[in-house]
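Visitor: A single structure is presented below for examination.
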Amino acid sequence: MVMEVILSRKIILVLFLLTAISFYITLTFNTCLVSSIRKSIPRWNPVVLNENSVVHGSIVRLVPLLEGNETDISSKYKYFQDQGLRQLPSALIIGVKKGGTRALLEFIRIHPDIRAAGNEVHFFDKNYVKGFQWYRSFMPPTLEGQQTIEKTPSYFVTKEAPKRVNHMNPSTKLLVVVRNPVTRAISDYTQAISKRPDMKKFESLVFINGTIGNLIDTSWGPIKLGMYARYLSRWLKYFPLSQFLFVSGERLIYDPAAELHRVQNFLGLKQVVNEKHFYFNATKGFPCLFKSEGHSAPHCLGKTKGRNHPKIDRVVLQRLKDFYRPFNNRFYQMTGINFGWS
Ligand SMILES: Nc1ncnc2c1ncn2[C@@H]1O[C@H](COP(=O)(O)OS(=O)(=O)O)[C@@H](OP(=O)(O)O)[C@H]1O
């Protein structure tokens, strides 16, 4: 009996020792395992992109794209604007010379959806050989939804222009500012004499051999250009009448907002330019703008627009009126508009 008790105590002792050893081994192994796993996990380090943008794992704090003062913002905006596409014009002011084409261009370009080449490019008359890439380089960049427009009044009387414009785009919209051909001729002459003060008097240039009783000299530019029906018939071989808008040069002076309403309609634009944009400058005798692209203050067109005309002999004026009557009537028939010149 005593022997049995001693044996069982020995067994308990051995079992206790075995348990203690196995506990020690397990503990040591696990500690090594945990430390090796820890070593294999990368240290958490926030990535600093710049002082305003920090990446915490997948969380990105957004920072404003444009920062800094007003000047910086406008220059950055300009950068994006300059990335816009330069497009060939979808509408052209093709004439007529001295009709009021500059006024129309300056007035319509107030519209935010219109971008215009500032100067006359003379592509379809003088520079056609330079190609469409050359022409396009004169156009301002446009943003989506903006239309490009160019004006060169000599296109209307250039023989090849209708075909060339049609070749560029048969859907081109064509604006023609027309004015009483007698006043237009005097305006044309006034411009010419301002450059060559030694020119003969208007009255003697109007007639063959300079004599009032003689026939009208239709080869003289200021007279020839007023025969609108002749030039229009060339254009109508390439474009339907629906693609033209005939703007009254007279109405553009006494009621610019009304003509601009028609123009915006024709170009499919929202009505933006209206009577609030204009004021009448009594000194100049013409409508002027409160503000426009590039001018925040009220301003009129330049000195070369709205010149004083010389006083022309009454008899000569009547002869010219009679001369133009059949051409005007034909023009009214072609356009379906009576401009009231005769
Ligand atoms: N708002 C305003 N201000 C000044 N002038 C105006 C205006 N609206 C129309 N006009 C008339 O425009 C005439 C000049 O026409 P154009 O711009 O077509 O001339 S050009 O062919 O580009 O040289 C110009 O002709 P002249 O009066 O002979 O100078 C004006 O009668």
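In case you wondered, yes, glycine gets a Cβ from its N, Cα and C as well.
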Visitor: Which candidate from R179, R196 does TrEMBL annotate alongside K98, G99, G100, T101, R102, S187, K305, G306, R307, N308, H309 at the 3'-phosphoadenylyl sulfate binding site?
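Guide: For the 3'-phosphoadenylyl sulfate site that includes K98, G99, G100, T101, R102, S187, K305, G306, R307, N308, H309, TrEMBL also lists R179.
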Visitor: Let me make sure I read this right: TrEMBL says C300 forms a disulphide bond with another cysteine. Which one, out of C32, C288?
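Guide: Between C300 and the options C32, C288, TrEMBL records the bond with C288.
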Visitor: By Cβ count within 10 Å, point out the most packed of the binding-site residues listed: K98, R102.
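Guide: In terms of Cβ crowding, the pick is K98.
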Visitor: Out of K98, G100, R102, S187, N308, give those binding-site residues positioned within 10 angstroms of C300 (disulfide bond), comparing C-alpha atoms, in sequence order.
Guide: none
Visitor: For C300 (disulfide bond), name the DSSP secondary structure in the helix/strand/coil scheme.
Guide: coil
Visitor: On a count of neighbouring CB atoms within 10 A, which of the binding-site residues S187, N308 is highest?
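Guide: Result of the Cβ crowding comparison: S187.
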Visitor: For the C-alpha pair, I'd like the distance in angstrom between N308 (3'-phosphoadenylyl sulfate binding site) and C288 (disulfide bond), rounded off.
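Guide: It is 17 Å, counting Cα to Cα.
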Visitor: What's the longest C-alpha separation between any two of K98, G99, G100, T101, R102, R179, S187, K305, G306, R307, N308, H309, the listed 3'-phosphoadenylyl sulfate-binding residues, in angstrom?
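Guide: Of all Cα pairs among the recorded 3'-phosphoadenylyl sulfate binders, the widest measures 18 Å.
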